[in-house]
């Protein structure tokens with residue numbers, strides 16, 4: 001599975017770390033991939049505009065009764081912070097659930113049609129744990145790049161005759177198309193169900209923006225701590241530039257000014273305890289020559305919840321939210337293709353996904369709902385692309401077979417196409433795991 005989370009806006013709680021500004025703040029895409037049944041996770045952290053520091057709070061500029069609709073806190077920064085062990089486990093649980101849902105779609109579509117299935121795996125590579133049930137091997141594997149459902153079609157050790165009508169390769173194109181597309185359908189349904197549960201249980205959070213930028217946290221021994229900034233302060237202006245209530249735009253102004261002024265005084269206009277006053281902060285010099293002060297920043301907003309008053313309104317809320325997330329995913333995918341030179345460096349692997357998910361989990365349940373829903377939608381959209389080793393690539397081969405009057409491509413050709421795609425994804429995934437691991441804050445401090 002390949003996920004593309006490029007279009008996720010940040011929320012009021014999504015903190016931006018002003019300590020390692022190697023990367024601009026950006027949105028993260030995520031992609032999902034399946035060869036018939038093989039899934040791989042590789043996200044891309046892609047900015048929503050050419051001005052990479054320009055973040056936006058809202059999806060689709062929607063207006064709700066109590067303010068502007070906000071969506072979950074997605075962010076990408078150069079220094080990845082995994083946070084607490086509990087939040088990491090929550091993020092891993094979300095990713096694992098998404099993999100299981102996707103592969104279960106393939107598995108159930110095959111089983112319900114009487115098609116032989118031999119394996120159901122989470123992860124790739126060496127087997128860590130396994131058990132057999134009803135002639136199917138269920139396994140947990142070493143590399144967390146996705147999962148797969150295996151079929152005995154080309155297994156030389158299989159005792160099933162090669163002409164058995166219940167082998168996947170011997171079924172009509174419609175049956176095979178259902179199996180291949182079932183993972184996509186499962187993720188779409190799951191995303192809708194997640195949003196439905198969110199609306200009924202906690203409602204949809206909305207926000208009203210206020211001038212300035214909130215400082216949720218000040219790191220110990222940082223420039224900000226040394227020069228007097230405190231957690232809970234609201235920054236109203238920087239070097240005489242007043243900060244509006246446009247959320248991430250105001251955050252970006254602070255980021256720009258701090259980055260440009262290492263070892264130089266920056267004057268912050270602060271609101272604290274009902275009083276306004278100035279504080280001079282001297283940013284430390286980062287390893288890349290930019291300034292850093294060691295704080296988290298977030299838009300200064302007030303959050304309320306909107307709950308549906310009846311069943312029809314529930315479905316309207318859910319449908320609007322689902323369409324908004326889907327639109328964002330499609331926009332992010334379009335930007336990935338049309339601005340590839342700018343977005344290629346934002347590709348990230350499972351470690352970065354878990355880091356972002358952990359940050360979401362540390363915030364509140366609203367963000368975790370939207371994190372899971374968005375990843376499912378990304379998974380479905382990306383898998384529709386007609387590329388080797390993706391569900392869409394397999395569907396394209398089935399369509400080509402139908403156009404050719406049921407004449408299949410030579411087995412060697414089809415296997416070569418899929419195998420090359422899978423190997424590329426595996427090597428890319430391993431590379432990204434190493435890259436993202438080296439970006440972890442505690443690893444960078446050790447190096």
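Keep in mind that glycine also has a Cβ here, set from the backbone N, Cα and C atoms.
Taken straight from Swiss-Prot:
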type     : residues : note
TRANSIT  : 1-73     : transit peptide
BINDING  : 102, 106 : Zn(2+) binding site
TRANSMEM : 177-197  : transmembrane segment
DOMAIN   : 202-244  : domain 'PDZ'
TRANSMEM : 379-399  : transmembrane segment
TRANSMEM : 413-433  : transmembrane segment
Neighbouring C-beta atoms (10 Å sphere around the C-beta of residue 102 (Zn(2+) binding site))
31
Summarise the domain 'PDZ' (202-244) as counts of helix, strand and coil residues per DSSP.
5 helix, 22 strand, 16 coil
How many neighbouring Cβ atoms, not counting its own, are there within 10 Å of the Cβ of residue 106 (Zn(2+) binding site)?
29
The domain 'PDZ' (202-244): mean pLDDT?
88
